[in-house]
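**Q** Before we start, here is the structure in question, set down as structure tokens.
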Amino acid sequence: MNVYLVGGAVRDSLLGLPVTEKDWVVVGATPKEMEANGFRPVGKDFPVFLHPKTQEEYALARTERKSGHGYGGFTFHAASTVSLEEDLIRRDLTINAMAQARGGEIIDPFNGRVDLKARLLRHVSPAFAEDPLRVLRVARFAARYHWLGFQVADDTLMLMKQLSDSGELGYLVAERVWKETSRALMERDPQVFFQVLHRCGALHALFPELAALDGVPQPEQHHPEVDTLLHQFLCLKQAARLGLSLNARYALLCHDLGKGKTPKEEWPRHIAHEIRSARLSKKVSKRLKVPKEAATLATLVAEFHTHSHRALELKPATVWKLFKSLDILRRPERLTDFLGACEADARGRTSFENREYPQASYLQGAADAARQVDIQALQAQGHEGPALGEAIEQARIDAIATFKQQELNP
């Protein structure tokens, strides 16, 4: 029995990055031998075990063969006779197909170290094209390591294009697409994930509403970058810069989808794009089975982001209607996410990257003022039933009005 550290731990160690997770491959062992040594079996499709002390995953070396469509369309074969190289060749990228022996020796049959040095994301073998999920994985790695200068190798991008054109991406289940997308959204350069998907044709297959924004112009006065898809990419870059939550980043992804439905004769203006964007965001969220709160925020940001941009112009009653839509009294964190997404939208424009966004602090302050209304005092004045509700609402609007006056006339 020989045990090797494999995959991401080896890759990140060679890059000088922190290793957060360790995966191991065991060559020359059987499931019975693993269990006899105290390992607990957890794999459903192939033999994977948890170490009795560290709880790290140990998988028996295995091969795989294409037997159907999609990510799950593979037959696996694990046996004590499977070699380390046979196990490594089934992996997606050369930089993920390295192993480290107990003594520290690096086993690198597919020149992963060469590609690490060249900053290339390159497929291990033509079998790469058998698994459509790898299109998303490569795009995610491109987003993760963009800051180090990594690029997708030309021949790998060609295989990704073939996969996108083949229709195989259509067999990916929604949960897998969302899992890869949500992970990519939280990377250091999330926009790169979608740029790579766009380059290989996968954006049109998986996110047609986003792909439809390519070439759609916006008013240059407000959007010096003009192109709406480029604006989306710039927004995601700002989202990472601002350290926004996953929910806020997903909301940004959906906030301008309605511009793809604007009649060409109306370009570059996009009247009522907010309503169209909200409708499309619901469609995307349903298709990808996006978690409820992320989906809700996406719809709200799509519908109300221009309210945030015009916050200082809005009447106090309109601001309170916005707050009610956001349900700020019960979900204060939603306002934080909403404003973060709106700020990234405002900054996600060529030459606007470092602009201040006073609307965020103004709306937070207005929300605080509305929350501080003394309901007991209103009850003491004799308000009750529906009249109490009306009095509370008017008091919140008045509190926002007072705050606005203080902000505009300090």
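Backbone N, Cα and C define each Cβ position, glycine as well.
In case it helps, Swiss-Prot gives these features for our protein:
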- GLY8, ARG11, ARG91, ARG137, ARG140: ATP binding site (BINDING)
- GLY8, ARG11, ARG91, ARG137, ARG140: CTP binding site (BINDING)
- GLU21, ASP23: Mg(2+) binding site (BINDING)
- 228-329: domain 'HD' (DOMAIN)
**Q** Among the binding-site residues GLU21, ASP23, which residue has the fewest other Cβ atoms within 10 Å of its own Cβ?
**A** GLU21
**Q** Could you tell me which of these binding-site residues, ARG137, ARG140, has the greatest number of Cβ atoms within 10 Å of its own Cβ?
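**A** Per the Cβ count within 10 Å, the most buried is ARG140.
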**Q** Taking the mean position of the Cβ atoms of GLY8, ARG11, ARG91, ARG137, ARG140 as the ATP site, which residues outside that list, in the same chain, have a Cβ no more than 8 Å away, listed in sequence order?
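**A** Output for this site, in sequence order: GLY7, ASP92, LEU93, ILE95, ASN96, PHE141.
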**Q** Counting distance between Cα atoms, which of the binding-site residues GLY8, ARG11, ARG91, ARG137, ARG140 is nearest GLU21 (Mg(2+) binding site)?
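**A** So, of the listed binding-site residues, the one sitting closest to GLU21 (Mg(2+) binding site) is GLY8.
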**Q** Just to verify a number: CA distance, ARG11 (ATP binding site) to ASP23 (Mg(2+) binding site), in angstrom, no decimals.
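**A** Checking the Cα atoms of ARG11 (ATP binding site) and ASP23 (Mg(2+) binding site) gives a distance of 12 Å.
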**Q** Using DSSP and three states only, what is ARG91 (ATP binding site)?
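**A** DSSP call for ARG91 (ATP binding site): coil, neither helix nor strand.
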**Q** Does DSSP put GLY8 (ATP binding site) in a helix, in a strand, or in coil?
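**A** DSSP assigns GLY8 (ATP binding site) to helix.
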**Q** How far is it from ARG91 (ATP binding site) to ASP23 (Mg(2+) binding site), counting Cα to Cα, in Å?
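**A** Given the Cα positions, ARG91 (ATP binding site) is 13 Å from ASP23 (Mg(2+) binding site).
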**Q** Do any of GLY8, ARG137, ARG140 (binding-site residues) have a CA within 10 A of ASP23 (Mg(2+) binding site), and if so which?
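**A** Taking GLY8, ARG137, ARG140 one by one, the ones whose Cα falls within 10 Å of ASP23 (Mg(2+) binding site) are GLY8.
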**Q** Looking at Cβ-Cβ distances, which residues of the chain lie under 8 angstroms from GLY8 (ATP binding site) while being 6 or more apart from it?
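**A** Correct list: VAL19, GLU21, ASP23, ASN96.
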**Q** Which state, by DSSP, holds GLU21 (Mg(2+) binding site): helix, strand or coil?
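**A** DSSP call for GLU21 (Mg(2+) binding site): coil, neither helix nor strand.
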**Q** Let me know how many other Cβ atoms fall within 10 Å of the Cβ of ARG11 (ATP binding site).
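**A** Result for ARG11 (ATP binding site): 22 neighbouring Cβ atoms inside 10 Å.
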